[in-house]
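Here is what TrEMBL records for this protein:
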ACT_SITE  192  active site, proton acceptor
BINDING   8, 9, 10, 11, 12, 13, 141, 256  NAD(+) binding site
BINDING   12, 32, 106, 141, 256, 280, 282  NADPH binding site
BINDING   106, 137, 139, 192, 245, 255, 256, 257  sn-glycerol 3-phosphate binding site
BINDING   106, 256, 257  substrate binding site
DOMAIN    3-161  domain 'Glycerol-3-phosphate dehydrogenase NAD-dependent N-terminal'
DOMAIN    181-321  domain 'Glycerol-3-phosphate dehydrogenase NAD-dependent C-terminal'
Ligand SMILES: NC(=O)c1ccc[n+]([C@@H]2O[C@H](COP(=O)([O-])OP(=O)(O)OC[C@H]3O[C@@H](n4cnc5c(N)ncnc54)[C@H](O)[C@@H]3O)[C@@H](O)[C@H]2O)c1
Ligand SMILES: O=P(O)(O)OC[C@H](O)CO
């Protein structure tokens with residue numbers, strides 16, 4: 001049994017806390033919202049972000065970083081990507097020296113265009129950046145919190161860190177694989193959200209399952225091109241953090257990103273819809289950052305380009321679809337067909 005500190009009490013932080021507590025760890029959850037802390041401590045539920053799931057009574061919650069992080073051997077960072085830098089900076093002085101820091105956030109930071117491990121490396125400069133770990137894979141919070149079978153991957157350049165974190169979280173119902181490719185795993189987790197918006201829009205328009213399968217497959221290729229351009233291993237995209245999460249998010253009814261795509265197909269304005277939701281759809285901001293990154297790196301990213309233009313530049317969905325379908329004919333090459 002170890003102490004696990006979970007930073008961020010949205011749906012995913014809460015689900016990871018529930019899993020770790022059932023795994024018999026001492027779990028302390030940090031929330032910025034006092035009402036969430038009260039709800040978890042008094043009612044063993046997080047009605048604001050994961051209502052309807054009864055949480056283990058052993059989970060403690062607090063708004064105080066020092067209290068949450070004291071004595072932790074694993075620190076799971078789970079805020080949305082837009083707030084990870086600020087949250088990690090606040091937490092940094094309280095993280096024990098020998099604790100493993102694991103990033104479970106999925107996204108690319110706007111403006112800097114950095115992956116989450118780069119953001120945390122800058123926010124926690126005294127830590128060894130090669131010892132940071134990333135947790136990703138096909139994992140809807142509600143299913144994990146309900147104890148349904150799930151497989152995820154923990155990636156770190158440091159093998160010992162990856163295997164110690166994986167061992168701490170692994171159970172027969174929550175299988176944790178390890179990977180040496182944090183960059184590839186992070187790119188998969190970020191890009192699948194953008195591609196799931198496209199899949200949701202495709203389904204919302206009633207374009208059929210052939211079209212969705214094509215989007216997922218060509219999306220996987222696009223994701224791999226991004227990953228390779230950033231130094232990731234193309235084979236990582238055949239795994240849980242790549243195609244696994246892409247399939248889940250592009251087809252699963254619980255996905256917030258897929259739901260955003262479906263709403264756009266109904267004619268709802270993306271910004272207005274997101275403002276009405278408390279939960280994040282990371283793909284909205286990631287579409288912008290990823291399209292800027294694609295141009296900077298010279299990565300061919302036609303789906304990301306169209307999702308960006310629909311979400312942020314007001315391009316009509318049907319026009320975006322037509323632009324995708326009328327691209328030049330080409331040979332199908334795995335992942336590396338840069339043009
Ligand atoms: N929900 C899932 O099923 C799931 C699964 C895997 C990964 N993730 C990833 O986990 C990350 C967190 O998502 P979530 O689903 O737990 O969140 P959520 O949508 O359930 O909740 C939103 C979170 O944002 C926080 N927040 C709002 N304003 C903030 C601010 N100014 N500063 C700091 N935090 C603020 C809230 O406290 C809350 O914790 C995302 O990157 C998401 O992609 C989510
Ligand atoms: O609900 P979404 O679209 O944010 O997806 C949640 C998880 O990332 C799925 O693995």
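From the backbone N, Cα and C atoms, a Cβ is placed for every residue, glycine too.
Across the residues of the domain 'Glycerol-3-phosphate dehydrogenase NAD-dependent N-terminal' (3-161), the predicted structure has a mean pLDDT of 98. In sequence order, 280, 282 are the binding-site residues from 137, 280, 282 with a C-alpha within 10 Å of the C-alpha of residue 256 (NAD(+) binding site). Within the set of binding-site residues 8, 10, 11, 13, 280, no residue has a CB atom less than 6 Å from any atom of ligand 2.
Taking 8, 10, 11, 13, 139, 257 as the candidate binding-site residues, the subset whose CB lies under 6 angstroms from any atom of ligand 1 consists of 8, 10, 11, 13, 139. The shortest Cα-Cα distance between residue 141 (NAD(+) binding site) and any of the recorded positions 192, 255, 257 is the one to 255. Counting only same-chain residues six or more apart in sequence, the Cβ atoms lying under 8 angstroms from the Cβ of residue 245 (sn-glycerol 3-phosphate binding site) belong to 136, 137, 138, 139, 188, 189, 192. Taking Cα separation as the measure, residue 9 (NAD(+) binding site) is nearest to 32 of the binding-site residues 32, 255, 257, 280. What surrounds the substrate site, by Cβ distance within 8 Å of the Cβ centroid and not counting 106, 256, 257, is the set 193, 196, 249, 255, 280, 281, 282, 283 from the same chain. In this view, residue 256 (NAD(+) binding site) is surrounded by 21 other Cβ atoms within 10 Å of its Cβ, with every protein chain counted.
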